[in-house]
Amino acid sequence: MRLGIIGGSGLYDLDDLDSAEWRRITTSFGDPSDDLLFANAFGAEFVFLPRHGRGHRLLPHEINYRANIAALKIAGCTDILSVSACGSFQETLAPGDFLLVDQYVDRTRGRERTFFGGGIAGHVSLADPNCGRLRDEVADAARRTGIPVQNGGTYLAMEGPGFSTRAESRLYRQAGLDVVGMTAMPEAALAREAELCYATLAMVTDWDSWRDAERGAAVSDILAVMHENVTRARRIVRALIAALPGSRPTCSAGCDRALEHAIVTPPDLWPEMTRTALRDVAGRVIG
Ligand SMILES: CSC[C@H]1O[C@H](OP(=O)(O)O)[C@H](O)[C@@H]1O
Ligand SMILES: Nc1ncnc2[nH]cnc12
């Protein structure tokens, strides 16, 4: 089992590593957000990728999500923990709190959201869009650190880059959604297509814009909360790494077999170019 960590806003590298090396990986789907950090700690090898690049150079819609997921797959990752800063729609999720997301509502637009196409049609199931097993492992890791984490909640993926209007924010709150961010989709869907176990650790940084008496989501407030809490996010990640099993168990949630019955086009019709590109992420079924 090899863990990939996608660091979101505020998490651009990891500390306390025994060894680490930044390496460039190119993919059939373009370049990832940055080089990948191949690292070793607690006797486990893992890979880290800063989603917005070091120095936070990329807006959510400028991120090449396909290349990021493909690069982590090429790097040998079997599981991905994605860390994301989020606004909260719930009184029970205050700035500084952590949530393990189990559902997403995707309101992003115009992003490349599939590896399929170009003559090979594939449709994966997204009913349970992330890995319950990995989520529980992260919850256990958090428990060992003593950091409270809510296990389960819905993440609204908005297009951005501007934050929600008050009307949008209230609508999402009334709909019972829990947090809002700009990056977990199509990342989660692409991880599923690449047969990777995927979970989102959401770090609540603000109340978004539904509270009358407050000015609404603002980067200065978000960055302040993020800086105060990124150390706790790192502690959860470290506890997870320290408990990683040496070999990957067959995923009880089925993420590692997501493509088993997903491809509709018969193999004799697969265009060679598309097949070659898909090998980066779907070699197991593409051959
Ligand atoms: C810096 S505030 C908005 C920014 O923060 C979140 O990033 P990430 O999900 O990568 O932690 C949000 O999605 C926006 O990209
Ligand atoms: N309120 C918010 N909306 C969208 N993305 C965010 N990232 C952090 N806080 C956010």
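Keep in mind that glycine also has a Cβ here, set from the backbone N, Cα and C atoms.
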One of Ser9, Ser247, Ser252 listed by TrEMBL as binding phosphate at the site of Arg51, His52, Ser84, Ala85, Thr183: Ser9
Sequence-ordered recorded positions from Ser164, Asp206, Trp207 with Cβ under 6 Å of an atom of ligand 1: none
Distance [Cα-Cα, Å, rounded] between Ala85 (phosphate binding site) and Asp208 (substrate binding site): 11
By Cα-Cα distance, the member of recorded positions Ser164, Asp208, Val219 nearest Arg51 (phosphate binding site): Val219
